[in-house]
Each structure stands twice: as structure tokens, then as C-alpha cells.
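Straight from TrEMBL, the features:
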COMPBIAS  17-29  compositional bias 'Polar residues'
COMPBIAS  36-51  compositional bias 'Low complexity'
REGION    17-51  region 'Disordered'
REPEAT    246-276  repeat 'WD'
REPEAT    291-332  repeat 'WD'
REPEAT    337-367  repeat 'WD'
Amino acid sequence: MRVRSWLAICSTTHDSTIPFSKTEPSPSSRPKLVGSDTGSSSDFPSTSTSDTSSISLQSNLSLQTLPSLPSLQKLSPLDALDLSVYHLCFTTLTPRRPSLPITCLAVHRDLLYAASGHEINIYDRTACTHLESFSARDAGSVKAVSFSDGKVLTSHQDSKIRAWQLTTATNRHKLLTVLPTVTDRLRRFVLPKNYVTIRRHKKRLWIEHADTVTGIAVNNGLIYSVSWDKSLKIWRETDLRCVESVKAHEDAVNAVAVSNDGTVYTGSADRRIRVWAKPFGEKRHVLVASLEKHKSAVNALALNDDGSVLFSGACDRSILVWEREDSANHMAVTGALRGHGKAILCLINVGDMLLSGSADRTVRMWQRGGDGSFSCLAVLEGHVRPVKSLVAVADGGSNGVVTVYSGSLDGEVKVWHVSVSNGNSENINPVCQLKM
């Protein structure tokens with residue numbers, strides 16, 4: 001039985017607005033109903049009156065999210081922290097199929113890739129204009145987009161990974177191959193030892209994923225993919241050959257992150273985060289640690305720039321912060337960030353800033369202080385469905401502007417300009433002085 005547990009949605013009503021002002025985070029809404037995602041963007045059915053008492057009990061229990069872990073965020077207002085935060089929803093991008101949810105976003109140089117159903121739309125980030133679209137029509141929805149050695153990698157619901165090349169002649173994307181490649185299959189299909197049982201009376205080559213491929217990460221010449229089939233597979237970047245397959249979890253794997261030193265983190269619906277590494281001189285990755293503080297399915301992972309801090313988001317509405325222990329090659333939890341009213345669906349780290357997207361339809365911005373505590377700088381509101389994907393790009397100048405792209409199950413991509421400055425600073429970028 002396949003598990004689809006990346007989204008736990010609570011049905012509440014809330015009028016979304018797009019704020020543009022000095023920000024103080026708004027309180028989170030109370031959850032009322034927990035459900036599971038089936039890949040569609042339709043609303044969950046309302047509950048009957050007879051279920052009210054059980055839902056109320058569930059809500060009260062859900063509010064006590066991981067009470068044993070300390071909160072890392074400061075409760076002081078931003079004035080006390082001497083920070084000024086301004087944010088503006090600059091524009092909204094609507095793909096050609098607005099009825100379909102935005103399943104993932106990715107940025108490569110000046111291009112923004114936005115997946116909607118089986119189609120991937122490409123935008124010029126600077127002008128926010130649509131350039132082209134490409135798709136694999138029979139592959140199901142796109143779950144992840146990444147980049148490797150000049151190629152675009154996309155993972156799909158049909159358990160395949162596809163590699164695309166941008167042709168200079170036509171300035172359009174062309175399908176290069178599907179992973180596992182035909183060459184890789186031909187090398188292995190003869191020997192029975194290359195087959196694994198995926199369910200009763202059904203076998204596949206071990207190089208094949210058997211279910212939706214949910215995440216891709218690229219690092220140091222290797223491509224890492226995870227799937228609802230509970231596995232982690234590793235591919236060589238040069239020839240796209242699968243070199244390793246690991247049974248990573250006891251349930252669907254929803255997220256993968258890889259540090260610069262090659263340490264691999266996988267997050268699963270089994271509530272665990274597992275840490276994998278390849279010992280010196282060995283050919284295969286081994287399990288280093290299993291991190292088990294979450295109380296529900298882990299949906300998202302993110303690492304800081306040097307890989308010393310791991311962030312994990314789950315259906316329990318908490319973001320856990322893990323830091324590398326000096327005495328070990330793995331992470332230990334230091335605390336939790338709370339504020340979202342529903343499941344955490346996506347995380348992205350930019351410098352000292354963390355952004356989180358949630359089923360409560362908001363994006364929260366967190367900044368880490370020198371003492372290890374975090375401040376919630378802003379709550380970006382405007383989507384009418386859960387926020388499924390985030391990417392962010394920091395301005396290279398000294399104005400402190402970050403451009404945030406949020407993709408939602410409402411079928412829209414919102415482009416936000418955010419400026420963070422000291423309270424006494426007068427050098428606020430003009431983009432943040434615009435009036436809506």
C-alpha cells in the first residue's frame with residue numbers, strides 16, 4: 001500500500017492579504033481537521049456536527065506540538081531587535097494551466113522553472129515573463145527539478161527521472177534520456193540477481209524506482225533521488241548510470257538533502273530522518289544515524305551553507321533545528337521553530353535566513369541570531385491554498401533584498417521582494433518603498 005502523507009491539511013477559513021509594511025508576525029490559526037493529500041488541489045470535505053467533539057480533541061492535542069523541545073525563536077517584537085523588515089508581493093505568475101497546482105519551483109541563473117502538472121513553465125526572473133514550456137505528457141505530475149552538468153533533471157509520478165538539454169539553436173528544452181537509461185537496463189536485465197521484489201509476484205531491476213520520485217539532489221558528480229518506494233538511489237553524473245540503491249526507510253521518502261562533504265539526509269513518512277555517508281575506501285553508503293524527534297511524517301529538509309545545521313519540517317507543524325555534534329558525524333536536535341498552523345511542506349535556506357511554506361497558506365521568514373536563537377521576520381500571506389514549494393535568491397548588492405518565489409496548490413507563483421535592515425538604517429532599497 002502506497003502512502004501519500006506529505007500534506008496534512010486542516011480546514012480553516014482565513015482571508016489572505018498581501019502585507020507591505022514593517023512586519024510583526026501574525027498568530028497562527030487553530031487547526032480543525034487533519035487530512036491527507038491525494039495529488040489534487042481540491043478542498044477537503046467538511047465534517048458533520050457529530051464529529052465536532054473528536055476534532056476539537058484532536059486540535060487540542062495537536063497544539064501541544066513536541067512540547068519536550070524548547071522553542072528557539074525570540075518572542076520580542078522586531079523593534080526590540082532593532083530590525084526593519086519590509087515585504088511586497090511584486091507580481092503573480094500564472095502558468096498556462098492555472099487549474100493545476102504548482103508542485104515544485106527551481107532557479108537556475110536567470111531562469112525560474114515552475115512545474116504545474118506534467119508541464120514545466122520557464123520564466124525570465126528579471127522581467128517575470130514567460131519564455132517557454134516543455135512537458136512529458138505521459139509521465140504524471142512533476143515532483144522535483146534540479147540541475148546537473150548543463151542538464152535539467154525532472155522527477156515524475158511515473159517513477160522516472162528525465163534529463164533535458166537546452167538547445168542553443170531553438171532556445172528550447174529537448175529530452176535527452178530517461179533514467180534508468182536504455183544502456184543501463186541492457187547491461188543488467190539478463191542476470192536474475194539484478195532484480196528485486198517490489199511486491200508479491202512483481203520484480204524490477206534494482207536500478208529502477210518503483211513509485212513516484214519525490215526528490216532530487218546533486219552534489220560532487222553524483223545525483224541522489226528518493227521515492228515513495230522507500231529507497232534512495234545514487235546516479236553518476238557523467239553517464240547517468242545508477243551506481244547504488246539503498247532501502248532507506250520503512251515508509252515513503254519525501255525529501256533529500258546533501259551537504260558539501262557528501263553526507264546525505266533523507267526524510268520520510270515513517271517520521272525519521274536518516275543520515276547516510278560513504279566511509280573512506282568503501283563503495284557503498286552506510287547508515288550513520290537515525291534522527292527520530294518528529295511525531296509525524298517528515299516533508300521537507302534544508303541545510304545551511306556549510307552543512308552544519310539541518311532544518312526539518314513535518315506534519316506536526318514544527319520546524320526542528322539540528323546541529324552537528326563535535327563528537328559525532330551526525331546531528332543533534334537543539335530546538336523547534338513554531339508558528340505555522342498546519343503541516344510544513346517546504347523549506348529553503350538562504351544565508352542566515354530560513355523560509356518555510358505551509359499548508360496554512362503562508363510563508364514564514366526566520367533569521368538566526370548570533371546566540372543561536374531565531375526571529376520570525378515576516379509572514380507572507382496571499383495564497384489561497386497550501387504553499388508547496390519555495391525558492392529564494394539574495395541580491396548580490398548591499399541593499400539586503402531577497403527575492404522569494406512561492407508556489408502553491410492554488411496554481412500561482414507569487415514573487416516577493418523582502419528587505420531586512422537595521423532599525424537605524426536609511427539605506428532601504430527603493431523597491432521596498434513602493435506603494436501598492
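Indices start at 1 and increase along the chain as displayed.
Even glycines carry a Cβ here, placed using N, Cα and C.
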Secondary structure composition of the repeat 'WD' (246-276) [DSSP: H/G/I, E/B, coil]: 0 helix, 17 strand, 14 coil
Structural state census, the repeat 'WD' (291-332) (DSSP three-state): 0 helix, 21 strand, 21 coil
The repeat 'WD' (337-367): DSSP-derived helix, strand, coil residue counts: 0 helix, 20 strand, 11 coil
